[in-house]
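According to Swiss-Prot, the protein carries these features:
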REGION    1-22  region 'Disordered'
MOD_RES   Lys221  N6-(pyridoxal phosphate)lysine
Amino acid sequence: MSRPVPNPGILDIAPYTPGKSPAPEAGRKVFKLSANETPFGPSPKAMDAYRDAVAHLEDYPEGTSRVLRAAIGRAYGLDPDRIICGAGSDEILNLLAHTFLSHGDEAISTTHAFLVYPIATMANGATNIVAPETGYTADIDAILERVTPKTKMVWLANPNNPTGTYLPFDEIRRLRAGLPPHVLLVLDGAYSDYVSRNDYEFGIELVATTENTVLTHTFSKIHGLAALRIGWMFGPAHIVDAMNRIRGPFNVSTPAMLAAAAAIEDTAHVQMTRMHTEKWRSWLTDELTNLGLKVTPSVTNFILIHFPDARGRTASEADAFLTRRGLVLRALDNYCLPNALRMTIGTEEANRLVADGLRDFMART
């Protein structure tokens, strides 16, 4: 029997698998540490703005996210006309791919890159080219070596998810300088708010001074608005214009728009979250290293924990052990990291429970 057939390549895409979200169990507290969500929730100001917006759900949103683009512009010193907002930065990434990639094109990502990149690439008929990393960090030379006449885009998260590593901005500039002018460099700054290194830059200056670089960001992480699906991009005017031509007319809901605009102005809430993250990221790294586990140095709100390749000590066994205690981390088989788990920096209680749990796990005979 005849039936509709998906476009070529669609069925070759492995569906995205999010971190586990277990249902609470009676009599047991569950800590979800699998999706890099903030343990503090949104800013109280964002919650107030959200509640006010709910009173007007019968109205369509303002179609250009004008209020939010203005708030982002004030916060970062950007021209709002060069900002586009979306239902999470995932929508922005997919819009970029839909606008600039087609059959016969190639886009480059790295070994342990965010899985949305290859999905967006392949969904638009292009080929995903994987550049190897060095020390769980993007390797600029490896990326440049894989550029061909077919290359149209390079995806690069800085810092990277799920490794937590980053590139100094001199390396980002070197990458941009080494790419042909027609290749679009997509800098994903989802975790940039957590970085406090002197050699790190968000990327605004590079975007402002080139015609072939864009910067994406999200309100899902340090701002705690993951459920509202809200993100944004800063880019050259010609790229924003092209994307706006295919963007849905009401792609950002009013509650999301107004909550995000309030969240970005609550710098005290952001700073509190950042300080908590830095403290417990360092503590967890030390505690787990002392247990004999390897922790990749992280600048984000999560850590990458590597387990021995020995029966009784593997990542999958540790995952099952912690899950039985109500501690849910992220397995990373689909990120080519089968013997590692990613852990979100949680509350003090959650962090201590994971350290205690892994101490018990490693002490088993």
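Note that Cβ sites are derived from N, Cα and C of the backbone, with glycine treated the same way.
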In the region 'Disordered' (1-22), how many residues does DSSP assign to helix, to strand and to coil?
3 helix, 0 strand, 19 coil
Which state, by DSSP, holds the residue listed as 'N6-(pyridoxal phosphate)lysine': helix, strand or coil?
coil
